[in-house]
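For reference, the structure is listed below as structure tokens.
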Amino acid sequence: MTVRTERIVVESQGAFIRIRRPAYWLFVACLVFGLLELGSVLAPDRADIATALWASIAVNAVLAIVFLQILSRLDLFEREPPTVRAAAMAWGGIVCVALAMVANNAALVVLAELTDTKWARTWGPALVGPINEEWLKALGVIMLVLIVREHFDRSIDGLIYGALVGLGFQVVENLTYAVHFAALNPNSDMTGALTVTFTRVLVAGPFSHPLYTGAAGLGIAFFVTQTRRRFSTRLGVMIGLFALALGMHGLWNLPMPDAFPNGLAIPLTYGKGLIILGLFFMLYHFAARAEWRWFVTTMSDEDESVITTEDLTEMRSLRSRRKARQRAARRWGKDASSLLGQLQRELVNLATLVARDQRRGDENPDSPDVAAVKRNISAIRTELAQTKGEPPPEQD
């Protein structure tokens, strides 16, 4: 059961195309270059290994869907527009992979000339990969800031968009490995493609590029959004988190010493991954706490008829919201649970709109869309009270 509410369209939300912004055209030019570069690399072998390539695409699609579901749950108070999410993944998967292939190959050649081929092959990925790839992916987050600055309201936005850039990179990089190993396998292109695909998805999948670039993106968004803090603090946080992204990537690529027994390879690999995952969730914990403080501060001046103390407590996390809906379902039935979910969504909309007006310095009591959301909240509360068998709430 839901209440018919007024549809709210937030100004400048949802669209990625910004033809009047030079950064948008630079983004498009880089995208075209990336497509041409990837096409030149993959096209010669594609006809012979088409089945193996499609199998790898299917496996990586599952990886992408899982990560997208997780990322959608990390953003507590805003769902990023699909077009901007797609643009983030396109930068990571097309532009970054294409440029990284060129840069990494050149850097490994130079490294081999400066040292020797064996050393470059062993230690090159731990040096070349992070240095070349992380700044390219971080540049994608910066491009998004330049194109759609309005979608970077708080630090967690950078973490989400950075993770999306990293996810795009990881998926397409996996496909390039699948093509390469399919062509190299003398017995079966399918075996070659799927062996490396499953290895990269199952072993590196949970600990890879979305985590690195999420950390870097968090720093970029902190620099952009926390304008009340000192410039040196913002710059230090951004540089520090980018250095952390480099370190996380370098740790994952770090080769195992020859002296270590082969039986320790898998435990040590997952040990490195758990360290990286722990660092990422530590950063997310701080970002989520900042999100909660933002919501409480933004809604602190609203009347009790709009948001109650109980509502604030229930809105703290997705888990607490789900538990509140489950309690409502047990006490008053599924209709009450559905109405409570609708109320929670409207409260998130209200916070977003109120924060927008605060940034603009709007002194009017309520802008038209804020007033519309409040009417929606009032209608939902009235219906929810009837479902519970309570008197309707008093209106101001």
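Any Cβ shown, glycine's included, is placed from N, Cα and C.
TrEMBL annotations: computationally assigned, not manually curated.
The structure displayed is predicted, hence computed values, not measured ones.
The transmembrane segment annotation in TrEMBL covers 23-43, 49-68, 89-115, 135-152, 159-183, 203-223, 235-252, 264-284.
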Within-chain partners of the transmembrane segment (135-152) [C-beta distance under 8 Å, separation at least 6 from its ends]: 12-13, 16, 18, 21, 23-24, 26-27, 80-81, 84, 87-88, 91-92, 95-96, 99-100, 103, 158, 161-162, 165-166, 169, 209, 212-213, 216-217, 220-221, 224-225, 242, 245
Stretch-level contact, the transmembrane segment (159-183) and the transmembrane segment (235-252), CB cutoff 8 A, at least 3 pairs: no
Seg_contact(the transmembrane segment (264-284), the transmembrane segment (49-68)) with at least 3 CB pairs under 8 angstroms, min sep 6: no
Folded-back contacts onto the transmembrane segment (203-223), same chain, C-beta under 8 angstroms, at least six residues removed: 63, 67, 71, 92, 130, 133-134, 137-138, 140-142, 145, 152, 154-167, 169-170, 173, 234-235, 237-242, 244-245, 248-249, 252, 269, 272-274, 276-277, 279-280, 283-284, 287
Non-local residues, at least 6 beyond the ends, that sit with Cβ under 8 Å of the transmembrane segment (235-252): 126-127, 129-131, 133-135, 138, 204, 207-209, 211-213, 215-216, 218-220, 222-223, 272-273, 275-276, 279-280, 283
